[in-house]
2 protein chains.
Amino acid sequence: MPKVTEEHRLARRAQIVAAARRCVIEEGFHKTTMADVIRESGLSAGAVYGYFKSKEEIVGAIAEDALSTIDELFGTILATDDPLTPLAALEATIDHVVEIAQRPGGDVTRVAVQAWAEALRDDSIRDIARGKYCRLRDHFLEIARRAQADGTVDAGVDPEDVAQVMFSMIPGFVLQRLLIGDITPATYKAGLRALLRS
Amino acid sequence: MPKVTEEHRLARRAQIVAAARRCVIEEGFHKTTMADVIRESGLSAGAVYGYFKSKEEIVGAIAEDALSTIDELFGTILATDDPLTPLAALEATIDHVVEIAQRPGGDVTRVAVQAWAEALRDDSIRDIARGKYCRLRDHFLEIARRAQADGTVDAGVDPEDVAQVMFSMIPGFVLQRLLIGDITPATYKAGLRALLRS
């Protein structure tokens, strides 16, 4: 396939994902239909269905966009040779989540909250959410193992248990940011420093 | 009002709240209508509207039921004269959340996740959620202040920041329990003990 066509394909795909994100943020996942996404994207039905067969697939793509940047972030965090603490990893993750949320095109954390609710009633969304969140949690698992090797976390604890608690900090932050609104990376990181061993 | 009538009134109210909880768990908040709640409750429309004017009011009542038991729990936690740690308070809260979730009549944490999503698009639900969660977080604020007085948390940190992080542990646990399913109070408490200062 010539390069210009591949670029065109990726731009079209991004256009559809962005349209779907706007629909879900405005209407909620449940009320959003493929017809809404087609209308919002300004493309033909045939064009949209050429990329995504269902809104479940599009939601998967929205989550994938956000998670792929988080994968990169953890690559960077783990690349250091210095002793790694859960605190340092969480501080970097919180900053990154807010950075992603503030990108133009709509707050992806709002889509996440919609997906949580939908996952409780729709097995295909639940499978997507579970897969994405297990992948995110696996990054914390890697941090926990590394911190145990470095001696900053007790080596006698199951690192999976440590990863469960570290993971919690992300939805916990997102929810307070969206529902209560008085939370910032600065206040949260101050709280983390006070509570976590370092 | 004679006592038997007040008892009758409370039983009727509980019957409506239980019916609404089942509807929201099964259909989601958005799809649930007052007509669904009336049908599920087995009462007349007039009877149901005599207690609740809207489904927003009923969702407020469902949340109130769950939170009032948490208020009691924090009363008990704070009643001790021993030095109080955030860890001990969180361990007790996690046990209590699972106990509430497993009560007959439907898992109230599923209703909470539906309410989070709905709160992003409906200001009246957002106000209810914000009020309830600020009240829950205020309990953690009290724990943080007490822990600072006891010397188990650095007194130089804003206790509101500490409360934000403590609060996060609850939705973080609930979400992993519902979406991933591999989390228990035992695994989570082991993770908390490994990560938190004590």
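Glycine is no exception: its Cβ is also placed from the backbone N, Cα and C atoms.
TrEMBL entries are annotated by machine, without manual review.
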TrEMBL feature DNA-binding region, matched against A:33-52, A:173-192, maps to A:33-52
Composition by DSSP (helix, strand, coil) of residues within the domain 'HTH tetR-type' (A:10-70): 49 helix, 0 strand, 12 coil
Over the domain 'HTH tetR-type' (A:10-70), work out the mean pLDDT and round it to an integer. 92
